[in-house]
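Q: Before anything else, here's the structure in question.
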């Protein structure tokens, strides 16, 4: 009789091709996602050595990081470096025969939204991409993580990856969430508790009633930020919610293949008595709408709190807090709800899905953004954009004063035209608030879509629950 295994153990064991004496393993990779920024050198390496892509049918490419989100981008991209990278991906996809969603394709979008949307991401798979937020796909019970450019070339050439196994960590969210609290609040609260190094060396399995009650889109938000918590990957065991989401998608199994896959997927859970090296438990009812105040995702507090003083920290974190407050232009003791906002960004692979847009639109309906506010919504894919237009969400955003953009990574990172100016303060639904992340000397506060919408209306960080009470 075999020892009880975690979900991570099971997926890992099913993909080990070879294990060396020191524990280093060669893992088979089921899906390789590719974008324009981390792939050019990898494809060039294949050309120089005369190699082909080993499994083009399992390789999916889409430009997303530095594409403009304004009209006309399918015929002209002004930034030379961006244009060269997108053109290179066009050529590489054609030359190597991989699956490709170009800028002109309505299915184009952020790679971590396109993959699940098209049914490429399935339970029990190994998924890699030259991008740290590949952890998103763990919401399906897939082992998914980012890789470097040299590893991108290795996977393209061999469909395998060399790595050592991580340790097992469990994050359990018990009970149910209160109204106004979202998946974004869960994942930020976990990072706030454990720190950005709390998951280092681990693969996290998220579980508990609050996780089970999330939609697939909410689960993707939670797993998306596992990397911000230091983890190699994040996982959620697949269940009926997962299966219902996957069924009928373009690249999901059909007929007898579906039944066979479903039979396997139902074995993907952590066995009773399986060992975790680290366990963190949070009560769902204790989680509130949160916002980051500093320059690390762990600098997070409930929206009802005040800006902390550096003296509240210890060790090296005292100076880090002092630097964060200086960069963010904040004073200890001020209410978070008194922090004025210049810009609101709703989008990214964390919160650019249709449910995120619905949540924001519900707050914005019939309202206008604050005078002088710059606000934009960037759907995570062309299909999300089309659905939002069909549901009337786009018109709500436009009527409120938001810019309604094309799909892409946009203001999540300063690699395209959507950037903050020095000193500009943004309430953002993205995943990182590092110095300069959204533009040189820009200031980022990470929030949920509803919180972002509330800030757009009032002009300052706002408790979304107050807005929800007004709409009842």
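Backbone N, Cα and C atoms are what each Cβ position is placed from, and that goes for glycine too.
Fair warning: this is a prediction, and the values are worked out from it, not measured in the lab.
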Q: Please identify which of 349, 426 is recorded by Swiss-Prot as part of the [4Fe-4S] cluster site containing 409, 412.
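A: My reading of Swiss-Prot gives 349 as the candidate in that site.
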Q: Near residue 412 ([4Fe-4S] cluster binding site), how many other Cβ atoms are within 10 Å of its Cβ?
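A: For residue 412 ([4Fe-4S] cluster binding site), the count of other Cβ atoms within 10 Å is 29.
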Q: Give me the count of other Cβ atoms within 10 A of the Cβ belonging to residue 409 ([4Fe-4S] cluster binding site).
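A: Taking all protein chains shown, residue 409 ([4Fe-4S] cluster binding site) has 30 Cβ neighbours within 10 Å.
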Q: What does DSSP say about residue 409 ([4Fe-4S] cluster binding site): helix, strand or coil?
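A: Once the DSSP labels are grouped into three classes, residue 409 ([4Fe-4S] cluster binding site) ends up as coil.
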Q: Please work out the number of neighbouring Cβ atoms within 10 Å of the Cβ of residue 349 ([4Fe-4S] cluster binding site), leaving out its own Cβ.
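A: Total other Cβ atoms inside 10 Å, all chains included: 28.
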Q: Beyond the listed site residues 349, 409, 412, identify every same-chain residue whose Cβ lies within 8 Å of the center of their Cβ atoms for the [4Fe-4S] cluster site.
A: 64, 65, 110, 112, 133, 347, 348, 350, 352, 408, 410, 413, 430, 431
Q: If you run the three-state DSSP split on residue 349 ([4Fe-4S] cluster binding site), which class comes out?
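A: Once the DSSP labels are grouped into three classes, residue 349 ([4Fe-4S] cluster binding site) ends up as helix.
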